[in-house]
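Going by TrEMBL, these are the annotated features:
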type	residues	note
DOMAIN	B:98-307	domain 'ABC transmembrane type-1'
TRANSMEM	B:9-30	transmembrane segment
TRANSMEM	B:104-125	transmembrane segment
TRANSMEM	B:137-160	transmembrane segment
TRANSMEM	B:180-203	transmembrane segment
TRANSMEM	B:238-265	transmembrane segment
TRANSMEM	B:285-310	transmembrane segment
Amino acid sequence: MRRSSIRALAVPGVLVLLVVLVALAAPILPLADPVRQDVANRLSGPSAGHWLGQDEYGRDVLSRIIWGARVSLTVAAVAAALAAIVGTLLGILGGYFRGLVELVTVRVAEIVLCFPPLLLALLVVTLLGPGAGTLVFSLAILFAPGFARVAYAETLSARALDYVTAQQALGARTRRILFLTLLPNIAPPLIVQFSLTVAAAMVLESGLSFLGLGVVPPSPSWGLMIRGARASMEQAPLLLFWPCLALTGTVLVLNLLCDRLRDVLDPRGKAAGRPGFLGRLIALPPAPAPRQAPGLLTVDGLTLSVPGPKGPIEVVRDVGFTLAPGETLAIVGESGSGKTLTGLTVMGLLPAAVKPVAGSILFTGRDGRVRDLLRLPEPEMRSLRGRDLAMIFQDPSSSLNPLLRIGSQLAETLRAHGVRNGVRDRVIGLLRQVGLPDPERAADAYPHEISGGQRQRVMIAAAIANGPRLLLADEPTTALDVTVQAQILALLADLKRAEGGMGMAFVTHNLAVVGEIADRVLVMYAGEVVEEGPVADVFAAPRHPYTAALIASMPEGDAERLTAIPGAVPQPWAMPAGCRFAPRCTLAAEACRATAPALTEVAPGRSSRCLRWKEVA
Amino acid sequence: MLAFAARRLLVSLGLVWVVASLVFLVIHLIPGDPAELLLSQGGIAPDPAAVEELRERLGLNEPLWTQYLTYMGGLLRGDFGLSLQDEHPIAEEIALRLPRTLELVGMAGLLSVIFGVPLGIAAAMRAGGALDRILSAWAGFALSVPVFVVGTLAVLVLAQQLKLVSAGGYVPLARDPGRHLALLMMPAATIAVGLGAVVFRVMRSSVLEVLEREHVRAAQARGLAPAAIIRRHVLRNALTPVVTVVALHLGSLLGGTVLVEFVFNWPGLSGYLVRAVEARDYPEVLGIVLVISTLFVLLNFLVDLLYAVIDPRVRHG
């Protein structure tokens with residue numbers, strides 16, 4: 001367990017321990033008898049003999065609070081333990097054997113969840129009569145299904161894991177698998193559920209006792225004390241205060257412990273950080289006014305970093321490229337190469353954790369002005385987004401809001417950039433332009449009513465709605481069927497021809513697509529540009545071993561056999577000191593491992609980040 | 001949409017029938033004789049003759065299926081039988097008290113949503129900020145205070161000490177609408193302390209989760225202003241889990257207002273239930289359980305309809 005987890009658990013843990021210890025120590029503490037009455041001194045205030053005063057029968061309040069903690073904690077803990085044992089057993093059996101066993105264990109247990117909890121507890125009390133035993137029994141029935149559910153869900157996901165299947169294959173006995181292998185692995189969420197249940201059981205126990213249907217007087221119980229003190233509220237309001245404080249305080253520390261436990265044991269549910277877009281998407285401090293930029297987009301020295309356990313990690317380093325009007329640039333690389341982050345930086349849509357630390361992105365807008373997008377304030381950036389700059393994302397099914405009609409999502413794009421009249425007609429026109437068969441019907445459809453390829457057409461329609469200068473496409477065909485992929489690529493090519501002067505940056509890991517659509521290609525590896533040049537030249541004669549290896553691994557290539565690239569992209573926090581590709585490179589020499597090569601021009605319009613580029617076949 | 005509603009209604013009616021049958025089975029299949037249990041107060045064995053007389057009166061000596069048909073026939077006519085304590089028709093008493101409980105639950109739900117939803121959104125917008133931390137800490141506290149403690153302390157402070165409101169009670173709406181509402185607000189607000197904290201938490205985490213979704217980033221890429229993104233692309237999507245949670249809690253409140261009704265002397269269904277449980281009046285307890293469970297099923301039906309209104313995908317599912 002990490003030190004931060006221990007610190008998070010320390011405060012509530014110590015407090016819970018304190019409550020438990022005091023309750024356990026009740027018999028050895030020098031306390032007055034909690035049930036001895038002293039009617040002569042009823043309702044008297046705090047005194048040396050009775051620190052918290054005396055109740056309506058003259059009994060010592062402090063003593064009753066501490067003894068009450070014993071009763072409440074015992075009932076809650078025993079009930080929770082019973083529920084945990086029964087519920088976990090049902091859940092594990094149901095999740096492991098499935099089928100009929102699941103029906104008679106988990107599903108039957110869930111019937112209990114269909115009734116309001118207090119109602120069910122009252123039903124049990126009707127059948128068995130009030131008392132501590134009834135309380136434990138009814139609370140256990142109430143809370144067992146919760147454990148069954150958690151254990152069932154966890155067992156379902158754990159039983160398919162390798163270590164369980166391995167044991168089955170080895171012929172281990174089922175009992176052994178269930179209790180020695182499975183149970184320890186599903187324990188963390190069950191521990192959280194247990195602390196949650198103890199707190200809930202305490203609340204229910206005190207509630208029933210408060211109604212007079214729980215713990216039987218004269219046993220001290222916090223619920224009963226509150227019930228009793230209500231009658232003498234006017235004369236002795238403090239009498240009401242103490243048990244309320246004890247009960248609330250105990251439940252509070254239990255809940256706090258439970259929240260912390262959940263964060264430590266089950267980090268999945270931990271709240272995400274601050275959402276990215278509400279503040280600004282990070283603008284760098286202003287720099288000297290941009291000089292006249294060549295072309296449409298000039299990215300220079302772009303470096304992005306994310307916070308890591310040992311200081312910031314550079315996930316994109318010193319990336320630069322230019323894009324001329326009307327040109328299509330393909331940005332190619334494996335997952336983790338930084339190609340998508342580069343695209344998102346241009347749009348100003350980086351996740352909150354990723355920060356640009358250096359570089360500039362000069363963009364020539366429709367008005368002819370040159371802006372540095374890395375330093376543009378958010379309101380100006382927003383007016384460019386969806387108008388001068390547009391982006392198409394990878395998965396069209398998650399890029400559209402499922403709850404709004406397609407036409408309405410296109411219309412809002414037009415309205416956001418000042419279109420007021422004839423919005424509906426323009427929406428229909430856009431849908432027709434991207435080749436949707438029945439544009440009127442499509443405009444009134446919800447996203448789930450059309451196919452994946454058609455959804456991507458809608459996303460393209462939204463992107464070109466305001467006549468962008470630059471279209472960024474982030475793997476727009478990856479999530480689609482192969483036949484649909486070709487149609488979408490053809491559509492993008494058509495649109496670019498129609499919108500003369502629109503530049504396109506096409507992020508992909510698919511080299512076959514690059515050959516079809518792009519003029520120039522930028523190859524990225526581990527956050528760096530490794531090669532850049534015209535598509536035909538790069539394909540014919542790559543000047544970086546990584547590019548060469550990518551081409552060799554293309555199924556459509558002419559190579560007689562496919563070559564896989566050995567190894568994997570290094571993790572961002574464990575980058576090699578020299579060339580980042582050296583560990584996987586067949587040409588790597590001593591010099592490659594010692595010094596990081598710079599991007600050098602190898603021919604007019606072509607560059608490579610390789611010391612031995614001349615030797616690349 | 002209409003077909004969807006009709007289909008769901010059929011399923012719900014089927015469930016009501018199952019619940020009614022289950023309730024019938026519970027009374028007849030639990031170990032022990034209801035008549036004997038009723039008469040054995042304080043652990044003293046009852047007089048066999050009295051037990052036999054009661055069995056005869058309750059129709060327990062008939063064959064099980066005759067009893068079932070009689071019982072179901074009674075239910076169809078809205079007849080829940082007579083109270084064992086005072087021979088008063090149970091259906092009449094339920095009809096009198098149920099609206100009061102529904103009113104209390106409805107007002108509590110309304111207050112919780114009115115406070116929980118906007119505050120949850122506000123906290124999510126500035127997650128990690130000062131407002132979020134204060135509200136989240138408050139919610140953690142509010143969730144830990146048992147509802148009868150809130151109610152009792154409210155009576156102590158607001159009614160006894162400050163004399164701002166009366167300690168509880170009930171006045172029919174027709175007699176004095178203002179006073180009726182004033183008396184309703186205290187128990188409703190008491191429930192809303194905890195329920196509002198639940199709504200707040202769910203709304204907050206739901207908004208945070210939707211903000212991370214792809215379509216929000218896509219909307220941003222189209223140049224929409226933050227206010228428009230929140231209104232059109234976050235709120236509606238974030239509402240579904242809140243509807244579920246509120247409905248679930250309102251459902252359990254139908255039988256769970258016991259404590260609050262007790263604290264504030266609100267003469268609702270729950271008070272009737274406690275009285276029935278104390279007297280072990282089986283026909284009463286079962287009638288109340290049946291009504292509450294039926295309402296629970298119908299509430300789920302309404303939630304399904306609400307889902308269909310919020311999310312078009314559900315209508316076709």
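Each Cβ is built from the backbone N, Cα and C atoms, and glycine gets one as well.
With a cut-off of 8 Å between Cβ atoms, the residues of this chain six or more beyond the transmembrane segment (B:238-265) that come close are 101-102, 104-105, 108-109, 112-113, 117, 120-121, 146-148, 151-152, 155, 167-170, 183, 186-187, 190-191, 195, 198-199, 202-203, 206-207, 209-210, 271, 273-274, 289, 292, 295-296, 299-300, 302-303, 306-307, 310-311. Taking residue pairs at least 6 apart in sequence, the transmembrane segment (B:180-203) and the transmembrane segment (B:9-30) share fewer than three C-beta contacts under 8 angstroms. Packing against the transmembrane segment (B:285-310) from elsewhere in the chain are residues 1, 4-5, 8-9, 11-12, 15-16, 19-20, 23, 26-27, 75, 80-81, 90-91, 94, 98, 102, 236, 239-240, 243-244, 247, 250-251, 254-255, 269, 272-273, 276-277: each is 6 or more residues past its ends and has a CB under 8 Å from a CB in it. Tertiary proximity for the transmembrane segment (B:137-160) is limited to same-chain residues at least six positions away from its ends with a CB under 8 Å from its CB atoms, namely 166-168, 186-187, 189-191, 193-194, 196-198, 200-201, 259-260, 262-264. If one looks beyond the transmembrane segment (B:104-125) by at least 6 residues along the same chain, the residues whose Cβ comes under 8 Å of a Cβ in the stretch are 131-132, 135-136, 184-185, 187-189, 191-192, 195-208, 211, 230, 235, 238, 242, 246, 249-250, 253-254, 257, 260-261, 266, 268. Remote same-chain partners of the transmembrane segment (B:180-203), defined as residues 6 or more beyond its termini with a Cβ less than 8 Å from a stretch Cβ, comprise 103-105, 107-109, 111-113, 115-117, 119-121, 123-124, 135-136, 138-140, 142-143, 145, 147, 150-151, 154-155, 158, 165-166, 168-173, 238, 241-242, 245-246, 249, 253, 257, 260-261, 263-264, 266.
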